Protein chains: 2
Amino acid sequence: MILTGKVLIAQGGGPTAVINQSMVGAALEARKFAQVTKVYGAIRGVEGILNEDFIDLSQETTNNMELVAQTPSSALLSTRVKPDEESCRRMFKVMKAHDIRYFFYIGGNDSSETLRLIAENAVKEKYDFRAIHIPKTIDNDLVLNDHTPGYGSAARFIASAFTGVNLDNRAMGGIYIGVVMGRHAGFLTAASAIAKKYPDDGPHLVYVPERAFSIDKFVKDVKNVYDKYGRCVIAVSEGITDEEGRPIVTTLRDDIEYDEHGNVQLSGNGTLGESLSDLLKEKLGVSRVRSDTFGYLQRSFMECVSDIDQREAREVGEKAAQYAMWNNSDGSIVINRTGFYSVDYDFVPLDKIAGKTRYMPDEFINEEGNHVTDAFKYYLRPLVGSGYKVAHRLRASHAPKLFLK
Amino acid sequence: MILTGKVLIAQGGGPTAVINQSMVGAALEARKFAQVTKVYGAIRGVEGILNEDFIDLSQETTNNMELVAQTPSSALLSTRVKPDEESCRRMFKVMKAHDIRYFFYIGGNDSSETLRLIAENAVKEKYDFRAIHIPKTIDNDLVLNDHTPGYGSAARFIASAFTGVNLDNRAMGGIYIGVVMGRHAGFLTAASAIAKKYPDDGPHLVYVPERAFSIDKFVKDVKNVYDKYGRCVIAVSEGITDEEGRPIVTTLRDDIEYDEHGNVQLSGNGTLGESLSDLLKEKLGVSRVRSDTFGYLQRSFMECVSDIDQREAREVGEKAAQYAMWNNSDGSIVINRTGFYSVDYDFVPLDKIAGKTRYMPDEFINEEGNHVTDAFKYYLRPLVGSGYKVAHRLRASHAPKLFLK
C-alpha cells in the first residue's frame, strides 16, 4: 500500500551546527517519492504545529536548500515547549486537516516522546500516519546511537577552543577554567581532551557530570598540576554535581536562578566558572585565574563544523524519508559504528529512545575521575572530521648564557 | 657599512592568531643576510631578555617554522611586564654581551616604547644597534596603521560568533548580549556588525568605548528592537564607560577586582554581561536574557583565521628584517591601505607609535552611538579574509491555514 499525502518536518530543542542538513536531507529525499504531495516545514517546532504555522518547502529551490543545509541553527526556528497529551491530540488534528501523512521531527529524546504521543492518536483514529524521529543533540546523549548528529561539530569547536586557550595559557601563565555545555552527559566537555598534543599541554583536568565533584579533590588536583607545570588548564562541565547530586554552583553560591521546570539555569551565565576561579584564588593563592563560559558559541559556530557530522546529519534525514516511504513504520533513526571509521543506519521503535539519557561509559573516564581515557579519544577523533588543526611548537635548543654565567 | 652580529626576536603582550607569522617572517628573512651570525628568540618577551633566556632559531628547520607560523599565540611565550628604564639598561647589556645587533620586538604600543628606551642606551654607548618594532594587536589601536596584524583574525572570530548567536537567538528567541574584548578601542566589538545580513539580523545594537554609555539609553534601545523583532542581539565592548569615564561594570556592581596597575580587570569574567542581563530582565520584564563573555577564545582560535591577516603578519615580519638590514635605522613597520583591497608597508620612527592609542574615527560610528556605519563595514570586510561564511535562510512561502481558518 502506498500512503499518499503531505510530509511535515519540524526541528525541536537547542540548535546544532548541522541540524539543517537533516531537514534538507529529509525534504529533498521525500520529494523523490510520487506519493508525497507537498513537503511542509513547521515554524518553531511544535508551536508551529499548534498554531498551524507551516511553510511550503516544496517551493524552495534545491540551490537555496543546499545553502541552508550549510547554515547552523534551526532554519525552521525552534522551541523549548514540551507538549502534553492534550497538545499532541491537537497537533494530530492539525496534521490530519492538512492531509499530513509523514511527520519527521528532528530533535533529542523529548522529541521522540512527542512523536510517540502523536502517533497514538493516529492509531486510535485509524488514520494512516508515519511518525519518524531524526536524532540531533550536541550532548550526544541518545541511547542506542554510537553518537548523535550535532555532537561532532560541537566537539570540534570545544577541541579547537581548548587548543587555543592552552596556547594562550602557556604563553601568559596562570590557571584557566573553561566551562562547557552538558547538563547530564560529559561527552562535550570530554572533547576538550583531544586538544592535548604535547605531554605538558592542557586540558590538564577534565570534569564531567558522570562523576561526583569534590571541591577538596578539585583544589588538590589543580595544585598538583600547577606545582608541576606552573600553569593549569581545566575543562569542566556546567552540569557537575556533588555526591548528593546537587549542582556544584549551588553549593558555592546562593544567588542562583531556577527555570520554570525547577532546573538550575546553567547556560548563559558565568557563575560556575567564576565561583571555581574565586575558590582557586583563595585556596592556592594564584593571582592569575581566569574562566570562560563558552555559552552559545559552541552550538552554532559557522566556521568550525565537522564534515563527518555534516554528512551523517544529511544521511539520517535522507534515511528517515526512505524508512518512512519503504518500511511504512514509525521509529527513530540510529547511527551504528561499523569500522574505524564508518557508520550505518538502523531504525528502532520510538519508545526505545524516548525519555532515555545516555551517559559516558566508565571506560571513557579515568580512574581518578579527572580526565578521559585513550579509549574516549579513539572514539572521538573521527567525529570531529577532516582538516582538524593541531598546534606546533618551536624545538630550537637554548642558547648559552654569556651575561649571567 | 654592513653591521654584523646576531638578531634577537621577542613577542610581547596578549597573543594573536597570527603573531607567529611575524616571528617566522623576520627569522627566515634575516637568515638570508650574510651579516646575520645567528637568529635568537627571547623566551617570554622582555623577561627572557632580563634572564638571558634565549633559544637559537637558526637551528630550527624551515618546515617546523612554517608549522609554527600557522599556530596561534606567541610560540616564544609572552609577558605583561612593562620594563622601566633600569630594566631597559640591563636588557641592553645582555644583548651587547651576545653581540646582538638587531632586535625585533613584536607587540603593541608599549613595545615600541620599550624599544625606544633600549635604543637610547645603544646610542649612549656608541654601540651599533637596530631596534625594530613589528606591529601586533587584536585591538587594532596603533596609530598610523590602517589596521594591525592580529585584528583581522580576531574580527573574523567575532563576526562568525555573532553570525552563529544571531541564528541561535532567531531560533530560540529572547535577548542576547555578547561581551567583546577592547579596553579603549571598539574596533573588535564593531566587527560583529558584518554578521548582519538580513534586515532583521543581529547584532541589532553595538556599543563601543568611544561613546559614553548611558544605562537609560541602553534600556530604551533594547526595548525598541525587542518591540520590533521580538528578540535582540547586542554586541558590547568590555571597555564601555559612562560620561565620567567610569567603567560601566563599576557603576552596576561593587565587588569589582582591580589589577596591580589599578585597572579594572575586564577580561576573564562575565560580570559586565551578567549585570547588563540582570538590568534588562528587571527593566523590560523579558525572562530569556542571556550573555556570553567571549574571553580568551577570541584571540587564539585555531580554526578561524584570516588569510589576509596571516599574509600581512608574515610580511611585516619580513619587512622588519629588510628595513633593518637595508635601511640601517630604527623604527616601526606600518601598514598603509593602497586600494580595495591592497596594502603597502612603510617605516616610521619609534616615537611616532610609542604610547599612543588609536580610536575608531567618528565616521565609523553611527549618530546614535549604538551601531557602526557602512563606512566601517567597507573598511573591515577585506580584513577578515577569503572564505568568510555567511548564513542563508529559507524563503519558502507560508502554507494556507486549513484547521484554524
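Each Cβ is built from the backbone N, Cα and C atoms, and glycine gets one as well.
Quantities reported herein were computed from a predicted structural model and do not represent experimental measurements.
Going by TrEMBL, these are the annotated features:
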- A:6-322: domain 'Phosphofructokinase' (DOMAIN)
- A:Gly14: diphosphate binding site (BINDING)
- A:Asn109: Mg(2+) binding site (BINDING)
- A:Asp110: site 'Important for catalytic activity and substrate specificity' (SITE)
- A:Lys136: site 'Important for catalytic activity' (SITE)
- A:Thr137, A:Ile138, A:Asp139, A:Met181, A:Gly182, A:Arg183, A:Glu238, A:Tyr296, A:Leu297, A:Gln298, A:Arg299: substrate binding site (BINDING)
- A:Asp139: active site, proton acceptor (ACT_SITE)
Whole-number Å value of the largest CA-CA distance among A:Thr137, A:Ile138, A:Asp139, A:Met181, A:Gly182, A:Arg183, A:Glu238, A:Tyr296, A:Leu297, A:Gln298, A:Arg299, listed as substrate-binding: 17
Where A:Glu238 (substrate binding site) sits in the secondary structure, as DSSP reduces it to three classes: coil
Cross-chain proximity of recorded positions to B (CB under 8 Å), evaluated over A:Asp110, A:Asp139, A:Gly182, A:Leu297: A:Leu297
Whole-number Å value for how far A:Asn109 (Mg(2+) binding site) lies from A:Asp139 (substrate binding site) (Cα to Cα): 11
All-chain count of other Cβ atoms within 10 Å of A:Lys136 (site 'Important for catalytic activity'): 30
Number of Cβ atoms other than its own within 10 Å, given for A:Asp110 (site 'Important for catalytic activity and substrate specificity'): 18
Nearest of the recorded positions (A:Gly14, A:Asn109, A:Asp110, A:Lys136) to A:Leu297 (substrate binding site), judged by Cα-Cα distance: A:Gly14
Largest tally of Cβ atoms lying within 10 Å of a Cβ, found at which of the binding-site residues A:Gly14, A:Gly182: A:Gly182
Neighbours of the residue listed as 'Mg(2+) binding site' among the recorded positions A:Lys136, A:Gly182, A:Arg299 (Cα to Cα, within 10 Å): A:Lys136
Cα-proximity to A:Lys136 (site 'Important for catalytic activity'), 10 Å cut-off, over binding-site residues A:Gly14, A:Gly182, A:Glu238, A:Arg299: A:Gly14
Same chain, 6+ residues apart, C-beta under 8 Å of the C-beta of A:Arg299 (substrate binding site), given in sequence order: A:Gly14, A:Pro15, A:Thr16, A:Ala17, A:Pro72, A:Ser73, A:Ile138, A:Gly150, A:Ala154, A:Met181
Number of Cβ atoms other than its own within 10 Å, given for A:Glu238 (substrate binding site): 26
List of residues, in chain order, with Cβ under 8 A from that of A:Thr137 (substrate binding site) and at least 6 apart: A:Gly13, A:Gly14, A:Thr16, A:Gly107, A:Gly108, A:Thr148, A:Gly150, A:Tyr151
Cα distance (Å, whole number) from A:Gly182 (substrate binding site) to A:Asp110 (site 'Important for catalytic activity and substrate specificity'): 16
